[in-house]
Amino acid sequence: MYIKQVIIQGFRSYRDQTIVDPFSSKHNVIVGRNGSGKSNFFYAIQFVLSDEFSHLRPEQRLALLHEGTGPRVISAFVEIIFDNSDNRLPIDKEEVSLRRVIGAKKDQYFLDKKMVTKNDVMNLLESAGFSRSNPYYIVKQGKINQMATAPDSQRLKLLREVAGTRVYDERKEESISLMKETEGKREKINELLKYIEERLHTLEEEKEELAQYQKWDKMRRALEYTIYNQELNETRAKLDELSAKRETSGEKSRQLRDAQQDARDKMEDIERQVRELKTKISAMKEEKEQLSAERQEQIKQRTKLELKAKDLQDELAGNSEQRKRLLKERQKLLEKIEEKQKELAETEPKFNSVKEKEERGIARLAQATQERTDLYAKQGRGSQFTSKEERDKWIKKELKSLDQAINDKKRQIAAIHKDLEDTEANKEKNLEQYNKLDQDLNEVKARVEELDRKYYEVKNKKDELQSERNYLWREENAEQQALAAKREDLEKKQQLLRAATGKAILNGIDSINKVLDHFRRKGINQHVQNGYHGIVMNNFECEPAFYTCVEVTAGNRLFYHIVDSDEVSTKILMEFNKMNLPGEVTFLPLNKLDVRDTAYPETNDAIPMISKLRYNPRFDKAFKHVFGKTLICRSMEVSTQLARAFTMDCITLEGDQVSHRGALTGGYYDTRKSRLELQKDVRKAEEELGELEAKLNENLRRNIERINNEIDQLMNQMQQIETQQRKFKASRDSTLSEMKMLKEKRQQSEKTFMPKQRSLQSLEASLHAMESTRESLKAELGTDLPSQLSLEDQKRVDALNDEIRQLQQKNRQLLNERIKLEGIITRVETYLNENLRKRLDQVEQELNELRETEGGTVLTATTSQLEAINKRVKDTMARSEDLDNSIDKTEAGIKELQKSMERWKNMEKEHMDAINHDTKELEKMTNRQGMLLKKKEECMKKIRELGSLPQEAFEKYQTLSLKQLFRKLEQCNTELKKYSHVNKKALDQFVNFSEQKEKLIKRQEELDRGYKSIMELMNVLELRKYEAIQLTFKQVSKNFSEVFQKLVPGAKATLVMKKGDVEGSQSQDEGEGSGESERGSGSQSSVPSVDQFTGVGIRVSFTGKQGEMREMQQLSGGQKSLVALALIFAIQKCDPAPFYLFDEIDQALDAQHRKAVSDMIMELAVHAQFITTTFRPELLESADKSSGKSE
């Protein structure tokens, strides 16, 4: 083992962390100038290892901290790393670090970074070979000089430290202290024995009078015992009688409380029934209000439908009359039209004949006029043209123009002909289209009527379903109110259960549920969810008669949480703490419960509690853990007997417990606050609530949902029908619009037909005139150019003039006649088209509309709706009447329940008054019992105070009455007054002092033996100390001579033990080996004393001659230092350490002696590590490793 590395920070001159290079296991030399920090390095190692720095005050710790410029150092540490490859330190590591940290308010040791105490460090170093009695493995600067100049007594002190006499001295001091304490005790015992002897002599004289006193006192105590015993027996009899009365009263009170509880249960049941009935009434009244509102709405709808049906019926009746009237009017219109058409048929041929004659006359007039014009033009061309050729040229040009004009006329005539033909064809086509549209219109009307009928059928069905849904809604509302009442009742029961349970436990249960909900939401830890089974109370059932004893037995264990394993509970608790949830939870992990089978006593007076519980066998361990060692007993007496005999907990049905350890607990238990009863009520309420919710969901809501779906389907059908209706009505309107448009087109074409015909006639007449002119011009072409008309042409002109006059006159006559006929035709046609036919169309349209209404679709649908609404009104009124009857019956039931409530209240009050009366009586009996118990205690106390009595005292006076006893007692007291001055405790004191004397004598003998043992121990210690000094002196003296000869070859040195008497009046010197023959010479006892040694002298001869031996005072400074070094080496060889630290031990030596010291260190470094500081070269030569220090 050796120092491998030193780390220093903040210590003295070392501000920053300084790591000293790894040291060699042999000789290490540190060189440096003065003030470079060599000594502080040694101080740092001493700071960790030496006792010198063991108890530092705050100011001393601050003095060790580095002081310099810059920030203040608040802590420092020195760490030494040891090479422990030889396992010299009892630590199984090759490297061991020891650090000491100091600050203004701390001083701590760390071994391998773990904090340890100073004593642990010192013990560890001692186990490695560091001796507290030999501090010379560290030699500080100046220590050599100090030893060189030290007196002999100081060297003797050093020798005693090396020999380890400190331990002997410490034990001797302890022995002296014990001896002084023992001596003091012996003196006190002697004083007490002297006092007791004197007191016993006095008490011997008082014993005679005391005998007489004791005689009468014995009689007095016997009499008093008899009196007290009789009073005690009388009191016990009264107490037994009172206990019987209390038991009877208690039984009666229990019966009254049970009756009172039954009354309260009945009242609570009645209150619950009243609440339910009131809720039912509220629901029925609310339903009645809804029915009333529905009935008002239904009556309103019925009134509307009745009015609508009446209007429709009136309309149908009126339509029948109107139809008759319209048909009659239509017939008249048809007759008039036929008459007018007949008139028109008679007039049109005349008109056509006159018109044809007129057209022919006009055509002939135009032709004759054109011919005459041509003849006059022919006559005029004689003067117009100068020559025949010029005329022919003009004629040709004119013929060309005429041909073009004739062609244009022909084209116009052909176009008009085509137009007239098209008009006629369009007229036929229009008529066909009109007939086709009329047929389509009839089909659309039939389809619309069918859709109307279907629409009203679907609507009636929808109204019926809505009425059924309204009824179901009312039912659902009633069920919802019942559900709300049940939920409120459940919340009240849960609140009562919460009030009977601790807040911390409830918070714990809620928190566990939150953790499990968190797992479920996250979908994690499924095995934890499956492994949690709820609290104990929710996992078993039992008869109500056992509720009290079961609940008292389990206590808060009812709320322990059952889990499959400790892993499940750990997972839950980890999440519980992670979520920082409140509450208190206790788990029962089934895999960790160690439950053994219990042998129950076979008796008819007790049964195992666990046999009365019903639970899942899977949780058998949990229930055996809680209830397995408890018996239900018939009475407290049975409980007490069985608890003692079978070491089991016993309990009565009333909850009175007897622990197997002997403790008794019991008293009145309020069953109204039974948590099991409350839990049963909560569970029952939850089941009823679940049944109501299931009923609501399965029946009503499912039917409502079904009806809603059907209504939605019917609404969709109605929408589809309405869409089809709109489509067909739009088609009907479009068809009517097309028919009207076709009719208007036909009338328009008829209006334009006659003008086109007249235009055609005019164009044809004009064409004939133009053709006649063209023929005339062609005939003239090539003829001679006349100057005047020929005779024939003149005749023709005259004839044409006569014809034109006749035609004009005839045409005027025809025109007048045509105008007259045309006026008749126009008037007749106007009357037909604008009056008769238009009115006929209106009549036909009204008849069509009447035919649509006469279909009865609307009236049928309205009648059907009216029947349905009447049925709903009837049903609503019937339901309302039923509700009125139910409300009356329910209110009557409430009144009956309230009467019953009053009866039970009165009964409960009577029971309460009886209980209060019994309670007062019980209090009186309790007070009396207390007084009797007090009297009993007083009697028993007085009997105890009488002390021990002879056997005859218990029987001698038993036959006497109290009066006789008191008379004898009075006589005794009179006699006892004569001995009032007697020390009544003389005998007791005599006995007491005698016993004390014996004890003190025994104690004195023990102290004498102890004193002798201490003296023997001190002699042994003194002998061992003497032997240790002698042995150490021999070893050191021998080592000193050998080391000195090696340091100074040929020289001689010896140690001399100096002696003297104890007083110090004489002294003598003893050389090496003479001490043992002189043992004990300086002591008057048989045990030699070390006090005879006065010092250790040194005698040396540097020449080796015996005659030149000199004392230390006669040596030079260098010689003294060398001798001191030799002594240190001798001490170290006597008590070797793992390593040594020398701080400038060679500063006073010359070069030759420094070389000798270096060789000595080199020799010793084979078995131990040396760390030395120097600024001389000699030590460096033998160093295995050297390093420099600089500031």
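One-based numbering along the chain as shown.
Cβ coordinates are placed from backbone N, Cα and C, and glycine is handled just like the others.
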Annotated as phosphoserine in Swiss-Prot, from the list Ser1074, Ser1081, is Ser1074
Residue among Ser253, Ser1067, Ser1186 with Swiss-Prot annotation phosphoserine is Ser1067
Long-range Cβ contacts under 8 Å made by the region 'Disordered' (242-268), restricted to residues 6 or more beyond its ends, are 654, 668, 671-672, 900-901, 904-905, 907-908, 911-912, 914-915, 918-919, 921-922, 925-926, 928-929, 932
If you measure between the CA atoms of Lys38 (ATP binding site) and Lys105 (N6-acetyllysine) and round to the nearest Å, you get 28
For Ser36 (ATP binding site), the spatially nearest of the modified residues Lys105, Lys106, Lys140, Thr783, Ser1013, using Cα atoms, is Lys140
Quick tally, other C-beta within 10 angstroms, Gly32, Gly35, Gly37; top of the binding-site residues is Gly37
Binding-site residues Gly32, Arg33, Gly35, Gly37 vs Ser1013 (phosphoserine), shortest C-alpha separation belongs to Gly37
Row Ser1013 (phosphoserine), column other C-beta within 10 angstroms, all chains, value 14
Sequence-ordered list of residues in the chain of Asn34 (ATP binding site) that lie 6 or more positions away and have a Cβ within less than 8 Å of its Cβ, or none, is Phe1175
In chain order, residues whose C-beta lies under 8 angstroms from the C-beta of Ser886 (phosphoserine), counting only those at least six residues away in the same chain, are Met284
Within 10 A of the CB of Lys105 (N6-acetyllysine), the number of other CB atoms across every chain shown is 9
Note: among recorded positions Arg33, Lys38, Lys106, Lys140, least Cβ-dense neighbourhood at 10 Å is Lys106
